[in-house]
Amino acid sequence: MLTTIVSRYSTNRSELLESGLSKLKALFDHPLCNIPGSPIPEEDWLLKVIPKVKASEKSSQMWSVSYNSYWFIPVLLNSNSHPPWLRFHLGISRWQLYPHHDPNMEALTQQLATHRVVSAVQKSGGTQLKLVMSFPNYGKAMVKPMKQDRNDETNYNLYYFSDFERHNAEIAAFHLDRILGYRRVPPVVGRLVDVVKEVKEVTTDHKLARTFFTSPVGNVCFYGQCSYYCSTEHAVCGRPRNLEASLAVMLPDISLAARRAWRSPWRRSYSRSKLAKWETEPDYCSKVKKTPPYNKGTRLVDFMDMVILDFLMSNMDRHHYETFEKFGNRTFLLHLDNGRAFGRHSKDEPSILSPLEQCCRIRRSTWLRLRLLSLPQYRLSDVMRASLSNDPLHSVAPLLSEPHLAALDRRLKTVLETVGRCQKQRQESVIVCEQAQLFPQAGSRWTYGM
Ligand SMILES: Nc1ncnc2c1ncn2[C@@H]1O[C@H](COP(=O)(O)OP(=O)(O)OP(=O)(O)O)[C@@H](O)[C@H]1O
Ligand SMILES: [Mn+2]
């Protein structure tokens, strides 16, 4: 009897996955997701490579590649290809981190998931333990270990700024961001890390090495050094050595591509007793709309894109966001640090949508995409389930449980209802068509009267 139920359940799940995969393909092939743009002008690429080949070196296979002619990386070029991480860096433009149909994505995620780890050190800064891993081809990844079971719901008495980060949230955020058509989260994959072979034995970080110990049940654990949660009580442990982790591809070093951090105008107070201005001032958005950089170009609708991503995954921790300095104010927003998302499925957090509610602005392409994802043939939960099944950790357990997937559909409905209310209430335009994004050279903005 039990076996029949179990096998029926797994048949249902694999059927769901099958149909989800074809929905995902249909979504990515949909004309709305394939609007042709004009070629990208040279100044809209973040970096460029100038191969430097000396005559004496031509016979050897070692080349020096220089980024913008001031950074040298030895690259083995026995075929005429760059390593996947370098191709990723070279594909970053003013409007996105990687292209829609990216021929490099498979190799890039494969590298993160399988390449030998040659070093692992603690990443300095930030509040919680994270590592930087390096690969033989000079690629690097930012690693967040699993700190709590992926199905544990965040305790209701915990403030958002005290919650542990989740490795599966980092992975799921990458998939969601891509499904929304943003491409503003650096690619992330899951990996079972052998904490002895791939961290302890290869680290040059003595402070990190000193924090390894064996738990009473024989699991290998470590806790590192950081400003919170780095103690024996908060150690991360393998089973007995294997530890789930998220690996995000590293962005180009800031010495090559400086980034600017922007304080979110809708930042939470990060205090247990104070409210932020946006929570008390009824006309808060009209002030923001008049304040640079939100008064011009795409910044306000870019911000709304990020708000929608955060509401869907219930991330309350977006205190800052970053942009590449090279592109000034006319560029996309990086959606880094998504570890505090997907903490609760049984509750939504309406305050995350406050900016959309207060400003009533949304980019037209985002609105159309969200409407597509609310249709049964492209349903958000189905395409997310399918997309996440491509991650290596899916074989351990689904990265988002069914209640989390169902929450995505429920929250999407709320976003569309909020836009609907805006359309009814407001005289001015709600849906903003960003010509600047679809046709980067045009640079102008026009609105759709509603
Ligand atoms: N993929 C990446 N490549 C390069 N740098 C990154 C990447 N992801 C994040 N960073 C940088 O590392 C910093 C810390 O990362 P992150 O915010 O994820 O950690 P955190 O511990 O949550 O930090 P905080 O507590 O300050 O929010 C970020 O502010 C960002 O500048
Ligand atoms: Mn953080």
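Even glycines carry a Cβ here, placed using N, Cα and C.
Whatever TrEMBL says is automated annotation, not expert-curated.
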Among Lys144, Lys347, which is the one TrEMBL gives for the ATP site where Gln128, Glu165, Ala248, Val249, Met250, Leu251, Glu322, Asp337 also bind?
Lys144
In Å, how large is the greatest distance between any two Cα atoms among Gln128, Lys144, Glu165, Ala248, Val249, Met250, Leu251, Glu322, Asp337, the listed binders of ATP?
20
Taking ligand 2 as the reference and 6 angstroms as the Cβ limit (strictly under), which binding-site residues among Gln128, Val249, Leu251, Asp337 are close?
Asp337
Only counting partners 6 or more residues apart, tell me which same-chain residues put their Cβ under 8 Å from the Cβ of Asp337 (ATP binding site).
Asp317
Pop the mean pLDDT for the domain 'FAM20 C-terminal' (212-430) in here, whole number is fine.
95
Can you tell me which of these recorded positions sit near ligand 1, meaning the Cβ is under 6 Å from at least one of its atoms: Gln128, Leu251, Asp317, Asp337?
Gln128, Leu251, Asp337
Relative to the Cβ of Leu251 (ATP binding site), which residues of the same chain, six or more apart in sequence, are found under 8 Å away?
His89, Ile92, Pro186, Ala257, Arg259, Leu334
Among the recorded positions listed here, Glu165, Asp317, whose Cβ has the fewest other Cβ atoms inside 10 Å?
Asp317
